[in-house]
Amino acid sequence: MPIKCMKCNRDAIIFQKYSGMHICKRHFIEDVERKVKLTIRKQYKIEKGDIIAVALSGGKDSVVLLYLLHKIFGMRRDIEIVALTIDEGIAGYREETLEKARKLTSEFGIRHIVRSFKDEYDKTLDELTAQERELGACSYCGVLRKSLMNKIANEIGATKLATGHNLDDEAQTIMMNHLGGDVDRMIRLSPPRAIEGLVLRAKPLRKVPEKEVALYAIVNELPFDMSECPYAHEALRGEVRDMINEFEVRHPGTKYSIMRGFDKTVGLIAKEYPQAELSKCRVCGETCTASLCQACKLLGRS
Ligand code: SF4
Ligand code: ZN
């Protein structure tokens, strides 16, 4: 006999070990949306006049993010949503996800901006990493994508830059910063204030476990791409992910605890910890903590 939803007696589609609840499709959707709305209200305060740039890769997280923001704010005439997709130039991978991203934005009638590393930096990610072996592809990709996203967001006058990071991503990043003793990064993960030149980041899915983001995409029949980037093998993150997942099985709720502890202390740490002065990169003008930004450093500009 199928297990029943503990809220309404329909057939359950998921068991949330951390809450002890079996829930049906309707209550699952409600639960995800409640968490996202609460996160937006408490942490990101989206308001009249906001232009929300949404980082859309075409994978499940960003597709769910765009769908939810459209569902929550799509009817508001005083809030604009713009999707941004970066084509890093990863042969055999990005083409597929781009296709999914285009399908979704045209379905929703959302303005969609696509920019490539090739146009912006003169080289694709494949070309950049073929000639430079010192750093992994993800180091280039992460820094350059972040910088380009911020640049486009500024160009269109965006007031928020939303990304699809889920609970698993957040717990892993927090733990990686702890393991590396990297306090600067820890503070940057959740900037306590707006910084001129850096569009405010928002992560509305940060309270939704990765598995539930995937299930939400499936039950809503959203078009998302499941292929994995050929460079995806960041070793430390993989180890940390496995460790946290093992803990979560034995101690349900661990991922939420990691995030809660971080949220409670990051403001206090930021107050006491001396933070680097901000300036503008002398080459590209982006806001950064040195005279040359990370992106320009990686590109060998001087
Ligand atoms: Fe970029 Fe690495 Fe992600 Fe691939 S796995 S998209 S190279 S950050
Ligand atoms: Zn620069």
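Even glycines carry a Cβ here, placed using N, Cα and C.
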*Given TrEMBL annotates Ala55, Leu56, Ser57, Asp61, Gly164, Asp169 as ATP-binding, which of Ile29, Ile79, Ile86, Ile195 belongs to that site as well?*
Ile86
*asked:* Quick check: of the binding-site residues listed here (Cys8, Cys24, Leu56, Gly164), which one has the Cα closest to that of Cys284 (Zn(2+) 2 binding site)?
replied: Leu56
*Nearest to Cys293 (Zn(2+) 2 binding site) in three-dimensional space, by Cα, is which of the binding-site residues Leu56, Ser57, Ile86, Asp169?*
Ile86
*Widest Cα span across the ATP binders Ala55, Leu56, Ser57, Asp61, Ile86, Gly164, Asp169, in Å?*
20
*In DSSP terms, helix, strand or coil for Gly164 (ATP binding site)?*
coil
_Using a 6 Å cut-off on Cβ distance, which of the binding-site residues Cys5, His27, Cys293 come close to any atom of ligand 2?_
Cys293
*If we check Cα distances from Ala55 (ATP binding site), which of the binding-site residues Cys8, Cys24, Cys296 wins as closest?*
Cys296
